[in-house]
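Record features, source Swiss-Prot:
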MOD_RES   Thr35  phosphothreonine
MOD_RES   Thr64  phosphothreonine
DOMAIN    77-327  domain 'Protein kinase'
BINDING   Leu83, Gly84, Lys85, Gly86, Lys87, Phe88, Gly89, Asn90, Val91, Lys106  ATP binding site
ACT_SITE  Asp200  active site, proton acceptor
MOD_RES   Lys215  N6-acetyllysine
MOD_RES   Thr232  phosphothreonine
Amino acid sequence: MAQKENSYPWPYGRQTAPSGLSTLPQRVLRKEPVTPSALVLMSRSNVQPTAAPGQKVMENSSGTPDILTRHFTIDDFEIGRPLGKGKFGNVYLAREKKSHFIVALKVLFKSQIEKEGVEHQLRREIEIQAHLHHPNILRLYNYFYDRRRIYLILEYAPRGELYKELQKSCTFDEQRTATIMEELADALMYCHGKKVIHRDIKPENLLLGLKGELKIADFGWSVHAPSLRRKTMCGTLDYLPPEMIEGRMHNEKVDLWCIGVLCYELLVGNPPFESASHNETYRRIVKVDLKFPASVPMGAQDLISKLLRHNPSERLPLAQVSAHPWVRANSRRVLPPSALQSVA
């Protein structure tokens with residue numbers, strides 16, 4: 001179904017607003033376990049929004065859910081408990097009054113965004129995600145703003161950050177790690193097919209849905225690059241690939257390096273090149289000074305070693321990550337029926 005473009009004017013300058021259908025960063029910080037209820041059975045990330053059982057999502061005359069196309073104000077929402085705090089604002093659990101649809105409402109302060117000079121980055125995030133609809137990518141349903149704030153209506157990820165779960169358990173087992181690798185490979189293949197490079201895959205930027213399914217979030221460093229070649233440095237120190245440290249041109253293969261680092265961290269509990277100083281970390285990354293504890297299974301070592309290659313062209317392609325024997329033997333990826341239909 002063709003989606004209707006959000007007609008809100010962009011609050012900065014004369015540029016027109018991007019589409020209201022996109023995915024944006026959400027860093028959800030939780031202190032208490034989630035207790036699913038009828039109101040927390042929310043939509044899957046790549047399908048039309050659905051309300052809780054016994055409740056109906058209101059649609060407009062074209063059959064498109066209102067949450068995607070309607071002009072909202074803050075008065076249209078019941079605001080619940082805070083989910084997280086960030087540099088530019090806060091995230092709250094919220095319910096749209098008309099449809100009772102549960103969302104995460106991210107409230108950004110214009111003054112802080114302007115102070116840090118990141119208006120362009122915010123707009124870029126929205127533009128990049130305008131057409132990314134995938135079961136393992138967090139979705140942005142809509143946005144609106146007033147004189148002081150910008151509000152992003154996001155998919156709610158009830159189980160919060162992957163980072164928090166990793167902190168609690170220290171390491172993940174083979175099944176959970178392989179499942180995450182398959183989910184990531186599939187989602188990134190989708191992104192790369194649309195010429196989108198994430199560039200900052202790490203546990204803090206990965207959220208978990210109701211059934212534990214992965215949701216890629218925080219596209220703050222991502223870029224839509226038709227040439228797929230850029231030279232700017234970004235990302236998290238422990239996850240930076242050699243080509244970015246060395247200031248060389250890079251492409252979508254930076255994401256292959258990142259998921260190799262992630263796989264190692266999930267199994268071991270810390271990134272592979274972590275050191276006491278930044279300079280030492282840089283040195284180890286550039287030299288690909290990779291050492292495995294005896295606890296890392298041989299199959300996982302093989303996968304990680306094929307991803308963490310200094311030469312980007314030698315890194316294992318995403319399709320082969322999904323098909324890797326260790327991933328195939330251990331992954332327990334489960335998609336909702338509607339998601340299976342859409343990615344078939």
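Keep in mind that glycine also has a Cβ here, set from the backbone N, Cα and C atoms.
Keep in mind that what you see is a predicted model, and the values were worked out from it rather than measured.
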Seminar exercise, completed: Mean per-residue pLDDT in the domain 'Protein kinase' (77-327) works out to 90
Exercise. When you tally the Cβ atoms that lie within 10 Å of each candidate's Cβ, which of the recorded positions (Lys85, Lys87, Lys215) has the highest tally?
Worked result: Lys215
Exercise. In angstrom units, rounded to an integer, how far apart are the Cα atoms of Lys85 (ATP binding site) and Lys215 (N6-acetyllysine)?
Worked result: 19
For this session: Determine, using Cα-Cα distances only, which of these recorded positions is closest to the residue listed as 'N6-acetyllysine': Leu83, Lys87, Val91, Asp200.
Result: Asp200
For this session: State the Cα to Cα distance, in Å, between Asp200 (active site, proton acceptor) and Leu83 (ATP binding site), rounded to an integer.
Result: 22
Exercise. Where does Asp200 (active site, proton acceptor) sit in the DSSP three-state scheme?
Worked result: coil
Seminar exercise, completed: In the three-state DSSP scheme, Lys87 (ATP binding site) belongs to coil
Problem set entry | Other CB atoms, at most 10 A from the CB of Gly89 (ATP binding site) | 19
